[in-house]
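*Asks:* Positions annotated as active site, nucleophile by TrEMBL: C328. The feature S-adenosyl-L-methionine binding site is assigned by TrEMBL to C199, A200, A201, P202, G203, G204, K205, D222, D255, D273. The compositional bias 'Basic and acidic residues' feature in TrEMBL is assigned to 116-137. According to TrEMBL, the domain 'SAM-dependent MTase RsmB/NOP-type' annotation covers 100-401. Look at TrEMBL and you will find 102-139 tagged as region 'Disordered'.
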Amino acid sequence: MAMLLETRLLFRKVKDLRSLTPRRGRVKEKWAATRAKHPPTSLALHHFDAKYSVQLGRLWPSVRVALLSERKYGALLNNFSSDAVLANLQAQGCRDFISDSDAEAQSCPEPESEVGADKQEESSDGAMKKSDVDDQQRPPFLLSRNINCAVFPRGDITRFKPARPDMQGLLGYYLMDAASVLPCLALDVQEGHRVLDLCAAPGGKSLALLQTQAVRFLCVNDSSVSRTQRLRKVLRRYVPKEFLTDENIRITSFDGTKWGEIERNTFDRVLVDVPCTTDRHSLTEDDNNIFSKSRTGERRMLPKLQVELLLAGIEAACPGGEIMYSTCTLSQIQNMGVVEQAIHQAQQNHGIHLEVVDLQLVTNMFRKTFHFAPDLHLGVMVVPHLAANFGPIYMCKLKRMT
């Protein structure tokens, strides 16, 4: 009993001492001093709930769950490496979704083509059908060749092991969102093309373009010097030194919006993968988050910056050249809205006429791997899905008319 009384007396003294401690000398708990009241990830989720629930409707709840879940990756195979990487990945259960798409494309003809062919057959009287003439005049839709990307099957969330260097010190594959390969595939890079990657860092898409081994000259640019340094490191780890010469590759850190003043009417193919709200990153990482309160102005100016970058890419393309616009956001304003503004301004301010290239065949070819958003009037978009948690990736291809 005496011991209990002493303990209570000691506890009272400790409480009395705390009350006598000056307020400026008291220390708060750590979380109260460092944790933001409204973290950027929470602000991003609130913003997306308000916007995308209207834009995507019934599709948003499933997309929301996928965005908040662990993403899937693909392994972009490095053709410069001497190791038999694909065979090793296939032994682990992976498949190359690009080479595995041929059978899908042949079995998925476009509905509009079938209807048009039926109408022409009804009106033909032994003469050549109009659909046959159109097929002869229209060049086939081609994909950039030699690009291979391994993925695990739908619903399989197995993680890739880190790539190992080969005898030359080159890594066998580059881990990236497999949907990010689609803009490079659909850009249709052919032998001898001059290619511009206007917003290239961190370098995954530039590396994919180099895998074609058809590029005569590749210019990779990013306005951030630090991101450009990271891009250089990526290329050095995957591309032989003898290929990284000024004759083959040029790495720059210019303001991409001014590229039309630097090199106009120059490139056969232009990739414009613009900065955006990067929806998945904004929901999962507080660091470098565009929804930080300190970056509110920057976020609001994104559509204007995106239009300027796309216009610069259009000016950089030569007549007859093709431009691929891509983002990693679901936002209609940053996707179709930017493309529509750029097409209008290119014609009004620069006298450049553009044609939108139909990418429906891409959705037919790769629908076994990706989940595509339905009913887009401009471009195509991969939306995250729990069984195929890639994306979001939006892309729209433009052709500069001669």
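Every residue, even glycine, has its Cβ placed from backbone N, Cα and C.
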*Asks:* Taking the Cα atoms as reference points, how far is C199 (S-adenosyl-L-methionine binding site) from the residue listed as 'active site, nucleophile' in Å?
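*Replies:* Rounded to a whole number, the Cα-Cα distance is 13 Å.
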*Asks:* Residues with Cβ closer than 8 Å to the Cβ of K205 (S-adenosyl-L-methionine binding site), same chain and 6+ apart in sequence?
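*Replies:* Same-chain residues close to K205 (S-adenosyl-L-methionine binding site) (Cβ under 8 Å, separated by 6 or more) are S180, V181, P183, C184, D197, L271, D273.
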*Asks:* To the nearest whole angstrom, what is the C-alpha distance linking A201 (S-adenosyl-L-methionine binding site) and C328 (active site, nucleophile)?
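*Replies:* Just about 14 Å between their Cα atoms.
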*Asks:* To the nearest Å, how far is the Cα of D255 (S-adenosyl-L-methionine binding site) from the Cα of the residue listed as 'active site, nucleophile'?
*Replies:* 21
*Asks:* What span in Å does the S-adenosyl-L-methionine site cover, taken as the longest CA to CA distance among C199, A200, A201, P202, G203, G204, K205, D222, D255, D273?
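*Replies:* Looking at C199, A200, A201, P202, G203, G204, K205, D222, D255, D273 as a set, their Cα atoms extend up to 20 Å apart.
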*Asks:* Express the distance between the Cα positions of C328 (active site, nucleophile) and G203 (S-adenosyl-L-methionine binding site) as a whole number of Å.
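*Replies:* Distance between the two Cα atoms comes out at 15 Å.
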*Asks:* Determine the minimum-neighbour residue: among C199, A201, G203, D255, listed as binding-site residues, which Cβ has the fewest other Cβ atoms within 10 angstroms?
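*Replies:* So among C199, A201, G203, D255, the binding-site residues given, the one with the fewest Cβ atoms within 10 Å is D255.
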